[in-house]
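S.K.: One structure follows; several queries about it will come next.
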Amino acid sequence: LPADFTKLHLTDSLHPQVTHVSSSHSGCSITSDSGSSSLSDIYQATESEAGDMDLSGLPETAVDSEDDDDEEDIERASDPLMSRDIVRDCLEKDPIDRTDDDIEQLLEFMHQLPAFANMTMSVRRELCAVMVFAVVERAGTIVLNDGEELDSWSVILNGSVEVTYPDGRTEILCMGNSFGVSPTMEKEYMKGVMRTKVDDCQFVCIAQQDYCRILNQVEKNMQKVEEEGEIVMVKEHRELDRTGTRKGHIVIKGTAERLTMHLVEEHSVVDPTFIEDFLLTYRTFLSSPMEVGKKLLEWFNDPSLRDKVTRVVLLWVNNHFNDFEGDSAMTRFLEEFENNLEREKMGGHLRLLNIACAAKAKRRLITLTKPSREAPLPFILLGGSEKGFGIFVDSVDFCSKATEAGLKRGDQILEVNGQNFENIQLSKAMEILRNNTHLSITVKTNLFVFKELLTRLSEEKRNGAPHLPKIGDIKKASRYSIPDLAVDVEQVIGLEKVNKKSKANTVGGRNKLKKILDKTRISILPQKPYNDIGIGQSQDDSIVGLRQTKHIPPALPVSGTLSSSNPDLLQSHHRILDFS
């Protein structure tokens with residue numbers, strides 16, 4: 001129909017004399033039993049008759065919209081039967097007529113089949129480009145006779161076949177199984193008779209010449225790493241663009257030990273996310289994360305590997321902090337790694353690590369029961385509002401119920417039996433804990449502030465006089481919640497301008513830390529604006545254990561477009577924290 005033609009829905013009940021509608025670019029005519037009428041006449045007649053009809057009682061329905069069509073498209077795409085129809089359409093095309101989209105559809109379907117499971121993506125892609133579709137409609141049809149020369153490698157897509165060998169043995173091949181030639185140009189012959197067991201058996205076939213060429217070409221692109229005569233890693237050469245600027249070898253398989261070692265080796269431009277991939281998947285081939293942890297501590301002692309090891313740990317903490325929170329051995333690993341950073345005077349990296357731990361830590365609920373009120377507490381506490389800090393766990397008795405429940409050094413106690421512990425004196429906190437036999441304790445790992453507390457206590461011990469915080473000291477200290485940081489940034493800059501010497505020191509430290517952030521290329525802080533969040537969520541209202549203030553500044557420099565649970569590691573950085 002021409003573009004200017006408006007479609008009218010005319011029913012017999014409205015206009016029974018209409019029998020045919022014809023159109024042309026010059027106009028439209030409607031033929032009826034009584035002759036020819038103009039379009040406007042029929043439309044007016046239809047309107048008048050429709051206006052006289054009683055439409056009361058008829059149900060109202062929503063008019064179809066583009067959104068409904070989109071939803072139907074999504075449902076159609078998610079329907080497995082519809083998906084198989086799309087795959088069949090792609091397969092029925094001549095191989096030279098298949099588009100890149102067709103090959104992507106075939107790849108998505110084929111990678112689920114066992115015959116393709118151990119092949120690399122590039123091999124599957126090449127095979128999908130040349131495969132031919134074949135259908136045997138009737139059950140009991142002989143597909144291959146005994147002694148018949150094989151000329152292809154085939155995979156069953158639907159149905160099943162039975163192979164009867166000369167000695168009487170039978171074998172059944174089902175969907176996803178393969179049969180036919182091996183990747184060689186030598187002549188091969190069928191052993192046994194193959195018959196279809198059901199109707200509508202479907203196959204894809206790759207000619208022997210194509211199959212041999214593809215697998216042998218890929219073999220040439222493989223780089224095998226051998227140690228003591230055994231293959232420990234296999235890499236594949238890939239080009240990510242046609243200009244040839246992004247090409248190199250990507251790791252496709254290896255032994256657990258060799259994959260772990262590759263964490264601190266140079267990575268190809270085509271394999272930039274090996275560390276992230278390893279940290280996400282090591283659970284499938286390693287029994288314990290400490291297998292990696294021990295290696296990292298060992299490699300840290302090598303100055304040439306120290307920065308790479310630190311980057312791995314920072315990524316690990318940032319992306320998978322739950323690996324550390326629920327595992328006492330991994331918690332001890334983290335403490336030992338922090339001590340190593342302190343020993344090597346890598347202060348910037350240490351602060352990044354502490355910030356990551358605080359930002360990623362979740363609130364945890366720990367329940368303890370004491371036999372009596374007089375029973376001693378199985379842990380030692382530090383801090384208190386009199387020192388300008390929250391209540392922190394300094395140590396936990398080994399093999400105690402508290403250790404089994406998950407309480408550990410560096411935890412900040414936020415609440416006990418519903419009572420807020422974020423601004424309470426240490427003596428009052430101890431009194432509450434001692435006077436209750438049932439303790440429901442809400443805690444959160446907060447190493448960032450815990451380290452600062454330990455530093456303050458060591459200074460007091462060295463100076464011989466306790467530090468009594470004044471109201472002004474709260475602002476001068478570096479214990480900021482995220483809103484406080486944004487509010488006080490101008491005050492901090494002002495203080496730096498007053499003291500030139502301080503300015504000279506802090507700018508250097510800040511630039512150094514910025515370089516470290518750029519070098520590690522990770523996003524440490526949560527990507528969401530901070531607000532009050534309940535137990536079990538990944539972020540808290542403050543990374544240092546202070547309640548968030550009500551006056552949140554409107555222009556908080558935190559991106560809202562990234563996921564806080566799995567941040568974009570390639571995101572460019574803004575300098576949010578000032579570590580003066």
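Even glycines carry a Cβ here, placed using N, Cα and C.
Keep in mind that what you see is a predicted model, and the values were worked out from it rather than measured.
Copying in the features that TrEMBL gives for the protein in this structure:
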type	residues	note
REGION	18-79	region 'Disordered'
COMPBIAS	18-42	compositional bias 'Low complexity'
COMPBIAS	63-74	compositional bias 'Acidic residues'
DOMAIN	115-215	domain 'Cyclic nucleotide-binding'
DOMAIN	247-360	domain 'N-terminal Ras-GEF'
DOMAIN	365-435	domain 'PDZ'
S.K.: On the DSSP side of things, how many residues of the domain 'N-terminal Ras-GEF' (247-360) fall into helix, strand and coil, could you say?
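M.R.: Computed counts for the domain 'N-terminal Ras-GEF' (247-360) are 79 helix, 8 strand, 27 coil.
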S.K.: Please compute the mean pLDDT of the model over the domain 'Cyclic nucleotide-binding' (115-215).
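M.R.: Result for the domain 'Cyclic nucleotide-binding' (115-215): average pLDDT 92.
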S.K.: On the DSSP side of things, how many residues of the domain 'PDZ' (365-435) fall into helix, strand and coil, could you say?
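M.R.: Its residues fall into 17 helix, 24 strand, 30 coil.
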